[in-house]
Structures are given as C-alpha cells and as structure tokens.
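Enquirer: Structure below; questions to follow.
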C-alpha cells in the first residue's frame, strides 16, 4: 500500500528481503500501489514468489503480468468488489492467481462483503473452464473479512487460498485460530 492507490502505507521490498531467509514458505505480494511496474522487479529480487496487482493501477495489464513472469514470479490479478470479471477475458493465459477482494481495500478489520460469494462462484466457473480447456491451474484467493465463521462458506463458493489478517492477528492464540479455520475448510465438500 502506497498511501496513494489506497489510503494506507505498509511494507516494501526491504521487509520482503528480510523475511525471505527466514522461511521457505511462498511470499505472496499484493501490490496496492500506482504504477505497479516500478516495484515488480524490486519485489522479485527481494524474494517474492507471487506478485499480484490491481488492473486499475497498471497502465498496461498485459505488460505488467509479463513483467512479473519475466522476473521469475507467478502472476496474479486483484479484483476489487466493484471490478468486473470481464478484465480477465484476455489475460487468463498469463495468470497463476486471481485474488478477489471481499472488502474495499486499504485497511484491515473490515467486514466481508456477502456479494463476493456470487463473484467467487462466477470466477471459479471461469477458472474451471480455463483449466479444462488448457490444463493450466489458476489459484483463487480471497482477501478481506475472512474469519473462522465464514471461511467454509468462502471455500464452498470456490476459493482455495485465503488471506486472514485481523481474524488471526487480533487473537492471542494464532495457531488455534488457524487450526479452527483449517477444520472449517476440511468440512467442505465442493462439487
């Protein structure tokens, strides 16, 4: 977050670089800045595995996606609650991840927007059709208002990756919250 695209300021490539030696876990960078192209190589060099951005923050979405892949990372596109799915029409072949925002971005602790469930289902249909046609897998991630009491419903609607900040870090026992979320997901059987 750059305090321009969204009204908040958070971590940059230096923090990513500091985290990289501490873990083998994938580092998933969600750029909320404008323009994105200047920061993509910096985060890639800092150790990011996945870099996602908002199409509204890129002058040329196709070029930005190619830049991410050219820098050795998986590429993702982030859709705000009001961003139409049609932005995916001509870039599915360049995507490894689609991230649906289930809140208006900028600050943690917001409530999940219920209409995101319908958008999730529609996005899952697009991804499944793409995978059937090409054999390529695209992850479907959700960020915003994800909690233990709604994660099963979110997973059932099609999400396979989740961002849960405040729901975890607002509690004393992070491991217990994560275990509870995993338990909720395990109980879901998608068709």
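Each Cβ is built from the backbone N, Cα and C atoms, and glycine gets one as well.
Because TrEMBL annotations are produced automatically, they should be read as predictions rather than curated entries.
In case it's useful when we look at the structure, here is the feature table from TrEMBL:
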type: BINDING; residues: 30, 106, 107, 108, 109, 143, 144, 145, 165, 166; note: substrate binding site
type: BINDING; residues: 30, 143; note: divalent metal cation binding site
type: ACT_SITE; residues: 143; note: active site, proton donor
Enquirer: How many Å lie between the Cα of residue 143 (divalent metal cation binding site) and the Cα of residue 109 (substrate binding site)?
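Expert: Here the two Cα atoms lie 11 Å apart.
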Enquirer: In sequence order, which residues at least six apart in the same chain have a CB under 8 Å from the CB of residue 109 (substrate binding site)?
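Expert: The answer is 166, 170.
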Enquirer: Please give me the CB contact count at 10 A for residue 143 (divalent metal cation binding site), counting all chains in the structure.
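Expert: So the number of other Cβ atoms within 10 Å of residue 143 (divalent metal cation binding site) is 22.
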Enquirer: With every protein chain in view, how many other Cβ atoms are within 10 Å of the Cβ of residue 165 (substrate binding site)?
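Expert: There are 13 of them.
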